[in-house]
Structure formats: C-alpha cells, structure tokens
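See structure below.
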Amino acid sequence: MMTSIFIAVAVLTIAAIVFGIILGFAADKFKVEGNPIIDQVEALLPQTQCGQCGYPGCRPYAEAIANGDKVNKCPPGGTATMEKLAELMGVEPEPLNQEAQEAVKKVAYIREDECIGCTKCIQACPVDAILGAGKLMHTVIAKDCTGCDLCVEPCPVDCIDMLPVETTLKNWDWKLNAIPVTLVSESLEDR
Amino acid sequence: MLTLLEQLDKGSLWQSPGGIHPPELKQLSNQQAISRLPLAKQFVVPIPQVGEQARLLVDVGQTVLKGQVLTEGNGFIYLPVHAPTSGTVTAIKPVASNHASGLPVLSCIIDADGNDTWCDLIVSEPSALTNDEIISKIKLAGIAGMGGAAFPTHIKLNTASEIDLVIINGVECEPYITSDDRLMREHSDEILKGVEIIHRLLNPQRIIIAIEDNKPEAAEAMQQAINHSKLPANSARVTVIPTKYPSGGEKQLIQIITGKEVPSGCLPSQLGIVVQNVGTAFAIQDAIYYGKPLVERVVTLTGKNIHRPGNYWLPIGTPVSTALKLVDFSPSSDQKLIIGGPMMGYAINNAYVPILKGTNCILAPSNDEISPDSDEKACIRCGECAIACPALLLPQQLFWHAKAEEYDKAASFNLQDCIECGCCSYVCPSDIPLVEYYRIAKSALRVEAEEKVLAEQAKQRFEARLQRLEDEKLAREAKAKEAAEKRQANMKSSDKDAVAAAMARIAAKKAAQSNDVNQQTDIQNNQAVSDSVNKKSAVSAAIARAKAKKAAQATPPPSSAENNTLQQDNSIGNVAEVSMSQQDRIAAAVARAKAKKAAQHNQVITSDVVVNDSASVSTLEIDSTVNDKKAKVAAAIAKAKAKKLQQVGIANDTDGNELADVSSITKTAVASSIGSEKLVTESKTDIGSLDKKARVALAIAKAKAKKSPQGHDRTAADESSSSLPINLNTQISNGTSTSSDNEIIADAEPENVEQDKKARIAAAVAKAKAKKLQQTESSNVKSALSDISTRASQTENVDTAALDKKAKVAAAVAKAKAKKLAQQAEKKD
C-alpha cells in the first residue's frame, strides 16, 4: 500500500521535473520578440497616417490598441476595420467615435493657379505625397495620396480640395452598376 | 500505358468536371458566309486598348490611313492601336467604353472618308524573317487574343517555357456565337498559315485543333487545311470534342485534351501548353503575310431582334449601334444588348460603344429569348451548382459568404478560381444570380488587395518620411554643434586669455592674501638672515631657493616690446636733454648693477630694471642669503639679467644715437614708472584692480610678444626684502608706446617676424609665471599713450602727492589702452 503511494509520488515528481525542464526550455527557445499583436493590428489599419485617432500615425495607434485603447478611433478604416479590430482584440464592436468617412476614397487636389508655394502642405503631408518647392507651385501625387486631409487645413489660400477618386475601368466595382446577366430560355430551343 | 502524345494522336479525350448543355442557338447566325457591312461613318478607337498607358501620335484634325499606328508606348502588355479606316481624327475625348461599367475612356473619334485606304503595308514571307522579327511584327500588328480575353498574343508566343503542345481553340462553346465556326469554314487555309507560324515560333511536338462536335463543317475544313499545310506530318490534328459548355475555357479545354489540370494561379505555359484562338491564328497570318495590323474581326451579330443575323467583318472601333443599324436591328422595349455570349457576356446600356479586339458577338435578344427577370429566392442548398461547376468549386458556399460580404471567407473557398462561366446560375432552381455575387466579391477582394498594397506603400512612405525628418534633425544638430565649436575656436584665444586671466585673478587673489604673510616672513627671514645666518640658514635657504626659482622664471620674460620707429610727434629737441640724462642714468644703473654683481657676486643680485627720470628709480634688489645652491641660481639669474640689461643698455645706446628713439623710450619709461607707482599704490589698496591688471598685463604681453619689433624691455624680477609689501616682479613695460598706433604696428610687423617665436615663448613664459608666482603681482605698465611727451613732462612736473592721482588716471587710461591692444592683438591673430 505504502509502496504504491511512494511510487505514485515519485513518478509524479519525476514527471513534474521533466515537464518543467521542457517548459523552461520551450519558453526560452520559442520566445516571441516584441508584441505580435501590434503588427496584426497595424496590418488592419488603413495606413492613411491621418492622425484622426489622436495618435501620430497608424503604428502608434496600433500600439495603443494593443495596450487596450478603443478600436473605434479610425474613421478612414470605417466600420469594417473597426469590426476586424474588435474581433482581433476580442472586444465588443463599438460605433465609430467620429463620423465615419464616406466610403468614397478621396485624394487631395491642389488648384495650382492659386498655390503660392508656401510649402505648408508639404510639411503637413505624412506620406510625402506633395511635390513642390518654396515659391513654386505644388502638386499632389494622387497615386500616393492617402486622402488623410491633413494638408487642407494648413493651406493659407485654401487651394486644396479633397476630390473623390475617379472611377476607372480598373477600380470599377460591379456593385456600382450591377448588370443583369440573363439567360437564354430553354423555351426558345423548344420552339 | 500510352504516352500523352500517343493518346493525343489517338484523339483520346478526358472528362472535364461540371458543365452544362444550354441551347446552342448557333444556326441563327452560322447559315451565311461572313460578309462585309458598309463602312461606318464614324469610328471610336479607345486609347489604349491593351495596356496601361500609351502616347497618342495623332492630333485632332489629322488625316489617318487605315492601319496607321495611333499610339506608342511601352509596358509589358502594351499593344499599339491602329486606325481602323482612313479618315480624319475629329476628336479625342472620353467616350463610353465597351465595358460592363460603360465608363468613359479616352478615345479617338475618326470620321471615315469612305475610301478605306490602307497605309503602306509591309508584305513579307515568313521564311525570310527571324523568330524575333515575327514576334515583333505580331506585337506591332496589335494582335491580342480574339477569344474574348484580349491578352497580347506576342507574350504567349514568346514564352520562356518549353512548349510541348499548342491547342488551337475552335471550340466556341457559348450559345449563339458562330464567328470562329464561320472563320474556320471559310478561311481554314489562312488559319493554318497562322498555325504554321505559331508552330515555327513555339516548335511544339503536337498541335491540336479542338473543335466541338456541333461544328462538323468547320472540323472538316480544318482537316482539309491541315492535309495540305506545310506543317510536318502527324504534328497537327483536329480533335473533335463533345459539345458541352464551357469546354472552350482555356483550362477546361486543356483538361479535356490532355487530362491535366492547370493548377490554381498557374499559367498553361507552365504545363508546356499554349492555347490560341483560331481567330488569333488568322490575325497572325494576316499580319505576317500581308503586314496587316489587327483592325477588323469577325463579329457575330445575332438575336431575334436582328433581322439579318450572321457574321460580319467589322472594323475595330465600329460603334455597336452603327453595326446593329446595318443589320436591321429593331429594338424591342426594354431591349438588352449583350456583348459576348449569353453566358459570359455583359450587357451594355449605351449602344454607342466601339467593337473591340475581343468582341466576338453582339447579342440583341428578343424578350422571349431570355428568361424573364425572376426574383431571387432563397438558396435551398440543393448542390446543383456544385455539380455544374467546371472549376470544382462550391458555389453555394461562395454565395453564402459573398452575400454576407465575408469576402475573406469566400476567398478561402478559392473564389479566385471561379471562371465566371455562369453554369451555377444557369442550373440554380432558386434563380440566384450567383455569378453576380462572385463578381462583386471578386472586385471587392481586388480592391482590398490594392488597398493593402497602397497602405503598405503609404506606410513605407510615412516611415521614410519619419526617418528623413529624424536624419534632418540630427544633421541640423550636428551642424549647430559644429558651428558652435567653430565659433568657440574663433574665440579661443580671447577665451584662453579670459581663462588665463581668471586663473591669474585667482592666483593674484591668493597671492594678495598670502603676500602679506609671506612678506612678513620674508622680512623676518631676511632679518634673521642678517642677524644670524647660522640659525635660520636652512629655512631661509629653502625659501631663498624657492624665490630664486621664481626669480629665474620671472627673469627671462622679454615680453615687452620696444618700437624702434620714429615718433614723429615727439619733438626731438625738447626731449633730447632729458633723454640724455636718462640715458646716463640708465648707464649708471647698469654700471651699478654690474658693479654690484661683480662685488657681491654670490650674495646680492640687483637687477635694476626700471629707469625713471623722476627721482624714484626703482632699484630692486634681490637679497638672497648666502647659499651655495642659491648662489649658483642667483648667479645664473644675475647673468641673465646682466645680459638683459646689457641689451637694454645697447638699446639705449643706440637710442642715444637716435634721439627720437631714446626720447620715446624714455617717455615710455616714464609712463611705466608712473604705471608702476600707480600700481604700487593700487596694489596696496585694491587687490581687485590688480587682478584686472594682471589680466590686462597678460593680454598685452601676448599682444606685444606678437608685435614686438625689437627689444624686449625691462622685465624686472625682483624680490624685495624692503618694507614694500608688494613685490613688483615683473614690469612689463612697453618700450615705446605701441602708441595704439596701427601704423607703427604695421611697420613693426615685418621686423617682427623673426622674433615671433621668441616673443611667443616669452609670452607663454609670462603667462605661466603669472599663474605660478604666488608672490607676484604682475603689473603691466601700459604705454601706448598717445601723448607720451605731455605725460613725460607732466610726470616730471608733478610732485609726489599729485603723482598718486595722476597715476590712477594714467592707470585707467593705460587699462583701456591695454584692453584695446588686447583686442587688436586678437584681431591680428
């Protein structure tokens, strides 16, 4: 009777030691550097770098979310992004705290005749998508513009407009103009 | 087990999954030969048709010929655009496109002149061309896949992969369409010529011309053509495949012919297979043999609402509305116009859109031809669609997720492999427009992917910007630091002076504090020495040694300078007598010194430095106890001093010859005496001023060291055992007034050069001394008084009482001057 108890204790002890060593080794060997959740969150954010969340860029907001900030602070991402973030973070989806931006993507456009070349918008642009030099006309590289809106406010002559991205054959969405694909009725054959 | 080639030769066929058998309705249009319609009045040529971008080569108003190249450009899939007929470019503007969206795209509007004049065509024999030339000709002819996808043919024919099998696609599985059928029937030889060129380019082991069994005439014609073609025997054959939709799809056809399935995301060329449409083969033949670019194609105009349905050669760019008008199109109410077949085609809302390279059919069905728009009902999960799907997907699952807008999940069910054939929609008992959903989901996924790419780019740009800003900041800081260092370096000498002065000040303070004590002890010591040498000889010896050391240090500095230049403003006559007497006195002093030296030798060294014309000749004696060591040191010092005095004497002698010089010297001497007196008084009262003086002295010493043209003037190192509490160790007196006269300085400089080094050393020594000598107040007698003569006379006149006041004033002036000099010296540096 006693021997079986001793055997059981001994076996469990040995097992505990063995598993402890394995776990310790694994914890050291497979240690994850940094917080992978930040990268995951950042991958979901739209990278407009607009700062509307109150953080200077998407990465800082991703870090903030990883540290427990709310997921509803990204108007450019819209509800879809918010929901993905909520799912990733395991929190309840919340309505966006700001008016969600219209679904239409916009880019900045500088009315070049009115531009005085003050370079203020260039300094404001988080992605260096505005081209120009002091006292020379500026223009927006539309393909690189994230539509973050940050250049509109600093312009002293209000010559920057946010224009919706023109729909082309490339970015056309079937949703916009659903074509009823119709089928030839079999009755025709019968006739 | 037969090899694949043997099976191909046998005509073995494999089963492709799924598929449907819709009514074919081909007899509507395949009964008549391909005919030509009257030339349209106006053509719409989209720019570019294939490729991302192109540059227009024509302007509005320019006349173009048929086949003339309208664009140039580059890019992987760029193809040139050609004028479909001769005429005039009347506008270049966005026009509704032949696309499901109907969005306007930039187009060239060409008004036909009706002549349809070809441009110069380069006719060539393929045997005379290299493969590369053929490829480039095919490219320049603008040939794109004519089956509908309009992929540039030259890319397909220039593949890097080893091609074993070329399949010429004459399947044409969609209902209604018969353009390939008619082309094969009527132009089989031309098609075979094109196939020969393809064969030459790709050198495949087999060429299979695949035709559905509902086109026996076409198959027959093609077989005939093969028989009298130049293709190697048994390298080509016609394989008739069973009619089933969508056998004509590239991947499906490959599966039927070879049994191989093209993996998801792969190209057939990776399996060694290339599929070309018969229409493309015909176009290649046209381009190579006749030099004709692809400017027209066979289009099936069919449907019950077209009264003359059939196949027609239509120039690319012909507006659909024009073409339909020419074949007696009578639109019904709610008329639908479908580009392509009923299964995969798309409806257009605007009939004024051009016919493109991939437009093989325009369907204008009557209302009883198409199923009525029925409401979508709920999916009953019957699975019919999964059975019908030729790509072996699960349409009901795709639909499920697409409808819920869970596009990620739809993608996980391989939505991207959907070929949008429409089989699932066709078989759906709930009338769900499944393909519709898939297209929406696909475009959403595409947009998402693009946005991801853009977001990644934005992120990179953002990070690059942050990096740039950081770099700029660092660079700015480094620059500022560098500038500060530079500034500091520029100010260094003055700063150094300031530092040295501060040090000197501190030293002076300490010295002043300890002076009294020291001097007391000195006096005591001296007394003791005089009283009893034996008793305190050791102590006094040590002290004397220290003093001697200091004296030795103090002795050499020759830091004062003497300007040998003439002082014009000095009146020679007036001063002559005085200077003479002064000189006499100097001489006397020197003589005395020498005499003393000679006499006392070991004991007393009198260095007589300062010569005054006033009665106060400050003869400073250094009394030292009799000590061997000390004596030696003293002897050395005395020697040095004697040398110096001799120099002075010589200088004075020369001065004596040159009265003006002498006068100036003497005047300075006067000034210096005043200065020294004043210093004496001041140092008694004001330690602070001494500090200042010390600093000034340093500055001046330095300046002078730089400037000093000739002599080093009296520097008196003296240790007084007298009752004077202050030892005037060093009197750096300016031989001549440096007179704050730049002219003189300028004159002096050239002479100065050789003595520069010496002077600098002297300055360094002076500085070091200033720092070290505890019992020393270095006082500088500032000269450079603009009116020395007045001064001299004044000094002569004043009595001792008045002297104090005078001395103070003089000191103030001298101080100011010294400052100035120091500044000047800085500048000079």
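Yeah, the Cβs are placed from backbone N, Cα and C, and that goes for glycine too.
Note that TrEMBL annotation is computational and uncurated.
Predicted, not measured: the structure shown is a model, and the values here were computed from it.
Which of B:247-270, B:511-534, B:559-582, B:727-750 counts as region 'Disordered' depends on TrEMBL, and there it is B:511-534. Record check, TrEMBL: [4Fe-4S] cluster 1 site residues include B:Cys379, B:Cys382, B:Cys385, and the candidate from B:Cys119, B:Cys173, B:Cys428 also listed there is B:Cys428.
According to TrEMBL, the feature region 'Disordered' maps to residues B:703-726, out of the candidate ranges B:7-30, B:703-726. Within the set B:452-486, B:662-696, the record from TrEMBL flags B:452-486 under the feature coiled coil. Within the same chain, residues 16-20, 246, 249, 251-252, 336, 342, 410, 413-415, 417-419, 421, 423-434, 438 sit at least 6 positions outside the domain '4Fe-4S ferredoxin-type' (B:370-397) and bring their C-beta atoms closer than 8 Å to a C-beta of that stretch. In this structure, the CA atom of B:Cys421 ([4Fe-4S] cluster 2 binding site) is 13 Å away from the CA atom of B:Cys428 ([4Fe-4S] cluster 1 binding site). Shown are the binding-site residues B:Cys379, B:Cys385, B:Cys418; the one with the most C-beta atoms within 10 angstroms of its own C-beta is B:Cys385. It is B:Cys424 that, of the binding-site residues B:Cys382, B:Cys421, B:Cys424, B:Cys428, has its Cβ surrounded by the most other Cβ atoms within 10 Å.
B:Cys424 ([4Fe-4S] cluster 2 binding site) has B:Cys385 as its nearest neighbour among the binding-site residues B:Cys379, B:Cys382, B:Cys385, going by CA to CA distance. Summarised as a single figure, the pLDDT of the domain '4Fe-4S ferredoxin-type' (B:409-438) averages 91.
The [4Fe-4S] cluster 2 site is set by B:Cys389, B:Cys418, B:Cys421, B:Cys424; from the centre of their CB atoms, other residues of the chain with a CB within 8 Å are B:Gly18, B:Cys385, B:Ala388, B:Pro390, B:Ala391, B:Leu393, B:Pro395, B:Ile419, B:Glu420, B:Gly422, B:Cys423, B:Leu434, B:Val435, B:Tyr438. Cβ environment of B:Cys389 ([4Fe-4S] cluster 2 binding site): B:Pro17, B:Gly18, B:Pro395, B:Cys423, B:Cys424 lie under 8 Å away, each six or more residues apart in the same chain.
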